[in-house]
Amino acid sequence: MSVLVVVECDNGEVKKSSLEVASYGSQVAQMLGTTATAVAVGEATEANLAKLGEQGISKVLYDAEPRLKDFVNGAYTKLIAAAAGKEDSKIIVLANSNIGASVGSRLSVRLQASLATNVVELPKANGSSFTVKRGAFSGKAFADVVLSGDRKIIAVKKNSIEALHEAGKTATVEAFSASLSDADFTDAPKQVVMQDQAGGILLPEADKVVSGGRGMKGPENWGLIEDLAKALGAATACSKPVSDVDWRPHHEHVGQTGITVSPNLYIACGISGAIQHLAGVNSSKVIVVINKDPEAPFFKAADYGIVGDVFEVLPKLTQAVKELG
Amino acid sequence: MKFLVCISNVPDTTTKITFTPDNKEFNKAGVQFVINPWDEYALTRAIELKEAQGSGTVTVLNVGEADTEPNIRKALAIGADDAIRVNAAPKDAYFVAQQIAAIAKEGAYDVILMGKESIDYNGFQVHGMVGEMLGIPTVAPAMKLDMSGSTATLEREIEGGKEIVEVNTPFVASCQQPMCEPRIPNMRGIMTARTKPLKVVEPVGEGARTEVAEYALPPKKQGVKLIPAESAGDLIKLLRNEAKVI
Ligand SMILES: Cc1cc2nc3c(=O)[nH]c(=O)nc-3n(C[C@H](O)[C@H](O)[C@H](O)COP(=O)(O)OP(=O)(O)OC[C@H]3O[C@@H](n4cnc5c(N)ncnc54)[C@H](O)[C@@H]3O)c2cc1C
Ligand SMILES: Cc1cc2nc3c(=O)[nH]c(=O)nc-3n(C[C@H](O)[C@H](O)[C@H](O)COP(=O)(O)OP(=O)(O)OC[C@H]3O[C@@H](n4cnc5c(N)ncnc54)[C@H](O)[C@@H]3O)c2cc1C
C-alpha cells in the first residue's frame, strides 16, 4: 500500500503547488512506514517527473495519452482511481486547486473515501483515523477535521507546506495506461484560453503578490503596480470593486468572493482592508500595507505599513528593489 | 427545462467568526445568515436561462433546519418557482451531496446549479460529489453558462486560464462571477414568494463521513511596523533582512 500523490504539470514543469503536495504525501508515507507514488497529469517531461525524487517520491506513473494534457474531470478521475487501484493506495493527496478538488470530490464518492479539502498541515494519526487542520470560514478560522474509515483523500492548500528538496534523489518514471475511452472525455475542453500573464507569474501559484485597490484611482495607474511586481517577480491582484468596474480582469480579484491567496508576501496598495478582502489574503505570511489613511483597517492585519500616497511610495519601492540586485 | 439550484445558508460576509467555549461549534448568536454569495450567481443564471427559454421551472434546494427558511423565501422572492428543504443539519459535504443527489434524481432535473463553494466551510466539493453520485459531468467552477437546446457551453476556470467546455443535460455546474449580475428581490417578488410552495422532506442515505473535532482562530498578528513614507526604500531592506521574503 503506497500513498498516492497527484501532481499537476504544465508546459513540462511540475507546478510548485504539486511539489508541496508531493512533499506532503511522502511525509505521510513515512509516517505510515510506506512509500509514496505519484500519478502525473497535464503536460510533463520524464526528466522533470524523475526529479520528484527530491520531494521523496519513489515512483511516478504517467499516461502520455495526448487528451490528458488539458484538464478533463471525467478522465482524470478515472486515471487516478486506476492508479490508486494499481498501487493499492488508501490515501490520496492532491492540490487544493480547481483541478485537484474537482477530481478529489468525485474520487471520494467513487472510492468511498473521506475527504478533506483546504488542508494546511500534516495529519495526526490516531489509530486508523487522521485529524487534519483545514481552513474554514474563508480564512477567518481553522477546523481540525477527523477523517475516519480506511480510505482518505486530502487536498492541500497552496503554500502551507514547505516543499522538500533532497538533492540528487530521483524517482522512477513508469508508463501507465488507464484504458480511457471516449466516454471519459465528455467534459474535454473545446478550447483552452490561458491568461496573458505579463511577467509569466500566475496569481494562484505566486509567492509574492502586489495588489491594488480603489486608491489607485484608475486603470491607467496600474503601471506602478506592474513595475513593482515585475521587479519583485510577483503576480498582480486587485480588490473586488477594481475588477467590478473592469479596471482589472476578474481573475485578479482576491477576497471572500474572489480567489484566496496565501503567498509569502502580499503588498496592498490603496486597499482599505474590508473584512471580505482580508478573508482572501490573511493567510499570507507577510502583509505590507500602503495607504494614505492611517486609520485604514488593513493596518491592523499588516506586518509592515507605510502611511503615504501610493503614487509617491510605489516608485520608491520599485527603485529600492532594483538597487538590491 | 427543469433547473435545480442548491443554496447554502451562511454567515454574512462581514461576520466576526467566534466559537462556542469548547471550540466545537460555530457561535451563531447574533449572526445574520445570508444566501451563500456564490449561490446567488447560480440562482440568477437559472432564472435568466428559464426566462430566455420561455418555459421551465427553477427549484431551490437547501439542506438545513427550519431557521434557513427566510433565505429560502428570499430565493423565491428573487424568482425561483418553488423550493425544497431537506430537514436536517448539514453535517458534512458528503451528507449534503447525498440529499441533493436523491432529490435531483427523483425530480429528473436537467440542470443542477450550485455555487463555487460554501463560504462557511470552503469545501469546493459538493458539486463534484453530486455529479459522481448521479454519474453525470460536473463543471466547476464555471464563469459562464449558455444553453442551446440540451447542450450547455461553459467556461471552466482553471489555474491561470479557462477551458471552454460543452456538455449535455443533465449536468452539474458550480457558478461564480462574472456569470451574471445577481438579482435582488423586488417588492412584487417578496409578495409572491409568500405563497410559492416550499416542501419540507426528511433526509435519506448514510450519515456524515467527516467530523469537526475543534475550531480555532488564526494567531493574532504582532502589530504593524510602520516605515516613514520618506524612507520607503527601507521597507525593501526589512523584507529582505528581517522578514526574509524577498
Ligand atoms: C458580499 C460581499 C462580498 C465581497 N467580497 C469581496 C472580495 O472578495 N474582495 C474584495 O476586495 N472586496 C469584497 N467586497 C467589497 C468590500 O466590502 C470592500 O468594499 C472592498 O474590498 C473595498 O475595496 P478597496 O479597498 O479597493 O476600496 P476602498 O474601500 O474604497 O478603499 C480605498 C483605499 O485607498 C486609500 N487611498 C486612496 N487614495 C490613496 C492614495 N493616493 N494613496 C494611498 N492610499 C490611498 C483610501 O484611504 C482607502 O483606504 C465584498 C462585499 C460584499 C458585500
Ligand atoms: C454553523 C455551521 C457549522 C457547520 N459545520 C460543518 C462541519 O463541521 N463540517 C461540514 O462538512 N459542514 C459543516 N457545515 C455545513 C456546511 O455549511 C455545508 O452545508 C456543507 O458541509 C457543505 O459545505 P462545503 O463547504 O463542503 O460545500 P461546498 O462544496 O463548498 O459547496 C458547494 C455548493 O454546494 C451547495 N451546498 C452546500 N451546502 C449546501 C446545503 N446545506 N444545502 C444546499 N446546497 C448546499 C451550494 O450550492 C454551494 O455553493 C456547517 C454549517 C453551519 C451553518
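Keep in mind that glycine also has a Cβ here, set from the backbone N, Cα and C atoms.
Heads up, TrEMBL stuff is auto-annotated, nobody curated it.
Annotation comment: TrEMBL describes A:3-192 as domain 'Electron transfer flavoprotein alpha/beta-subunit N-terminal'.
Residues or ranges marked as FAD binding site in TrEMBL: A:Arg214, A:Gly270, A:Ile271, A:Ser272, A:Gly273, A:Ala274, A:Ile275, A:Gln276, A:His277, A:Asn291. Taking a C-beta cut-off of under 8 angstroms and a sequence separation of 6 or more, A:Ile275 (FAD binding site) has the following same-chain neighbours: A:Gln256.
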With CB distance below 8 Å as the criterion, list the binding-site residues among A:Arg214, A:Ile271, A:Gly273, A:Ile275, A:His277 that sit near chain B.
A:Ile275
Indicate the candidate from A:Arg214, A:Gly273, A:His277 with the smallest number of other Cβ atoms within 10 Å of its Cβ, considering only these binding-site residues.
A:Arg214
Given A:Arg214, A:Ile271, A:Gly273, A:Ile275, A:His277 as the binding-site residues, which ones have a Cβ positioned under 6 Å from some atom of ligand 1?
A:Arg214, A:Ile271, A:His277
Take the Cβ of A:Ile271 (FAD binding site) and count every other Cβ within 10 Å, whichever protein chain it belongs to.
30
